[in-house]
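> Just passing along the structure, written as structure tokens.
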Amino acid sequence: MKLVLASASPRRREILKNITEDFIVVASDFDESLIEISRDIQSYVMVLAESKAKSTLCRIESEDFYKDEDEVFIIGCDTVVSIDGKILGKPKDEKEALDMLSELSGRTHEVYSGLAVLDAKKNKIIKDFQCTEVKFSEISYETILKYIACGEYADKAGAYGIQGKASVFVEEIKGSYYNVVGLPINKLYKILLGMGVNL
């Protein structure tokens, strides 16, 4: 049996190690801009997660990666931040990061992660999502600039990483912490067990 994480995120890799060391990383090369942003955020993140899992399946099929394996399970995941129904993905540059963090300052936002686990041999997929509410304290303009200067905002939905220097912005959290980091591990664990994956 092979377990494949379809993500290059070091944070997701570390979280997955909490339940198993027996997996490999084959990052998805799926272009997220191909999926139209939807107001139905739950469906949107699940479609992104499914697309990433299927993209990785295409990669490993073309490389005869799993021809000798009885079972291959591919984990796709995508995380976005939402405030007032608007999706905040990964910032393109420092200005966009500044705009995002200014908008989140002193307010409550939601973090959504979509999960998709693809059984490559049976061509069966299970999808789900998780939502966590996060409340930020008021953050001064100078503090935001200092945070952006450290570079941690890059490649993170909503321009922050809760597990890093931005942890001081967080006043309250309702729901899964690991979901905010990028991989709702409890939900993933249940999906894998339900699909017969022996962890």
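Cβ atoms here come from the backbone N, Cα and C positions, even for glycine.
What Swiss-Prot records for this protein is below:
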ACT_SITE  Asp78  active site, proton acceptor
SITE      Arg11  site 'Important for substrate specificity'
SITE      Thr79  site 'Important for substrate specificity'
SITE      Gln163  site 'Important for substrate specificity'
> For a quick check of packing: other C-beta atoms within 10 Å of the C-beta of Gln163 (site 'Important for substrate specificity'), how many?
16
> Can you tell me which recorded positions out of Asp78, Thr79, Gln163 are within 10 A of Arg11 (site 'Important for substrate specificity') by Cα, answering none if there aren't any?
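So the list reads Gln163.
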> What is the Cβ neighbour count of Arg11 (site 'Important for substrate specificity') at a 10 Å cut-off, with all protein chains included?
19
> For Thr79 (site 'Important for substrate specificity'), what residues in its own chain, 6 or more apart in sequence, show a Cβ-Cβ distance under 8 Å?
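In sequence order, the residues whose Cβ lies under 8 Å from that of Thr79 (site 'Important for substrate specificity') (at least 6 apart) are Val45, Val111, Tyr112, Ser113, Gly114, Ala157, Asn179, Val180, Gly182.
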> Between the Cα atoms of Gln163 (site 'Important for substrate specificity') and Asp78 (active site, proton acceptor), find the distance and write it as a whole number of Å.
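Gln163 (site 'Important for substrate specificity') to Asp78 (active site, proton acceptor), Cα-Cα distance: 17 Å.
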> Enter the number of other CB atoms within 10 angstroms of the CB of Asp78 (active site, proton acceptor).
28
> According to DSSP, does Gln163 (site 'Important for substrate specificity') sit in a helix, a strand, or coil?
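It is coil.
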